[in-house]
Amino acid sequence: MWALVGRALAPWAAGARHAAASEPRAACRLFSAAELKEKPDMSRFPVEDIRNFSIIAHVDHGKSTLADRLLELTGTIDKTKKNKQVLDKLQVERERGITVKAQTASLFYSFGGKQYLLNLIDTPGHVDFSYEVSRSLSACQGVLLVVDANEGIQAQTVANFFLAFEAQLSVIPVINKIDLKNADPERVGKQIEKVFDIPSEECIKISAKLGTNVDSVLQAVIERIPPPKVHRENPLKALVFDSTFDQYRGVIANIALFDGVVSKGDKIVSAHTKKAYEVNEVGILNPNEQPTHKLYAGQVGFLIAGMKDVTEAQIGDTLYLHNHPVEPLPGFKSAKPMVFAGVYPIDQSEYNNLKSAIEKLTLNDSSVTVHRDSSLALGAGWRLGFLGLLHMEVFNQRLEQEYNASVILTTPTVPYKAVLSSAKLIKEYKEKEITIINPAQFPEKSQVTEYLEPVVLGTVITPTEYTGKIMALCQARRAIQKNMTFIDENRVMLKYLFPLNEIVVDFYDSLKSLSSGYASFDYEDAGYQTAELVKMDILLNGNMVEELVTVVHREKAYTVGKSICERLKESLPRQLYEIAIQAAVGSKVIARETVKAYRKNVLAKCYGGDITRKMKLLKRQSEGKKKLRKIGNIEIPKDAFIKVLKTQPNK
């Protein structure tokens, strides 16, 4: 069965499997330094000598390390100890040791007396960036599925395999980290056979860190991955699968050529915007930009054509020659934001700088959605949509590191939906089903027939001894169990349907702490389901605070309300009168905390004497406090808002 499935070929890559002679492998630089300066001639590579492949894996299984070794082995970069995460160019990627943005590199490799062009696309491993992975796979005909010999198959390994499987790509399983003391490649090989139906003898066992057996990976790429099925004599047809923004040269589009040839000076048109551009530069990524005279069908490279805005280089767009229109390639589904958070400048005088920083960063990250927003307490800001929590943290970190912009980031919320009940409301909103990304705009129960909340299908892979604890955690998060599979005698795969708002803040942390860090988690969008949602208001002495309005499930209303009231009590400064902090659903108060008043000792001047004198002074004081409480406006300091609204770890 696997012979039919695992080697299934991409629709545009159904070329015959290339049988390479099993002669000794010889890695060499195809172009000398002088030739590279002179722009290499890419016509040297016929289509049958090109392989486009991607490396996919769970976070931390050694994708970027394997990419470094492949770059060294093909002479693309010099062999030094400094080669760590060569393709991870962002500071945030190097600090966190993760890949955020997919990167491309063209490798020149001699094997069996022939010279091959191998285009490698390194992809992120974290669930939030699976959109980046699916985009990268569209430019490939095969993948290296890397699995850690110690940890075995993890949740993201499964998710990434099915992305490649659905794209009908050849899959080469690679078991990495065989140098580790606890490595058990035989066990992992059996897991791969059981879960993915790939014979264990097809697995390549390597150590990317030490470079052990890595050359056999390159041999497998040539032998097992088919060349792209393209036509160079046809008019140009190129897919834009990624883009970055350079403030001096404009948009740099990463393209995969399906048909034809592109060279400097060509006039090209975008199928999406119908705008025409003149090509200023084309080239390959080696892994840095290396200009070439031309790019030919089957090759992957970059193109600069004077586009001023990344929205002009739409991901999934087709580029073609002016006066030679072609049938556009099927694009990608645009990434759907799963998490929304308010972003405000710490000081309103920084608004314009932050606006400019967000605009520049969203040029490079088209999956972030931006809506203008304002708050009485925090001033003008934005409501940004992200693919997940890590995506949000990385975006915030990049704002600070690359643009020196410090921001207030509010607790993330998820996009709810409401089905409106009356024709009048439907006419007002212009649709029956409205999406709510700001809790303050949540419609009343009387206006809707039902509320809907987003749900995701989550996969948890855990050692069997933690199964009970993890199942209890999932049930506490309102999850419904769908499936349970034993991968081997020590590990189990659980599938649950989760409400997205239950996992968005701290589920991952709780899962890791319950399983001593051994469990892994991945999720995919599963649409919407009806839910009993309520809008919870926070009142201070009876006055509603708009910024603290939240949407919660009815079951969780008390817990969340109590938590917000407690945090607000810690943050609010004491006044001369008592402050009642209440959480209310509709007219019903469900939680309350009290900030005690400062008390002046009005009896200090009384030395003994009649008790009625003391009672009179105390009565006058309490009347004054009542009056003050009625007319007193509670000023909530900005710091208090920040403490309450900011993401609360492990709360």
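Cβ coordinates come from backbone N, Cα and C, glycine included.
The annotation GTP binding site is assigned in Swiss-Prot to 57-64, 122-126, 176-179. Taken residue by residue with DSSP, Ile178 (GTP binding site) is part of neither helix nor strand, so it is coil. If you draw a 10 Å sphere around the CB of Ile178 (GTP binding site), it holds 20 other CB atoms from the protein chains shown.
Restricting the average to the domain 'tr-type G' (48-229) gives a pLDDT of 78. What Swiss-Prot lists as domain 'tr-type G' is 48-229.
Residues or ranges marked as transit peptide by Swiss-Prot: 1-31.
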State which of the following binding-site residues has the fewest other Cβ atoms within 10 Å around its Cβ: Ala57, Asp60, Lys63, Thr123.
Asp60
Please classify the secondary structure at Ala57 (GTP binding site) using three-state DSSP.
strand
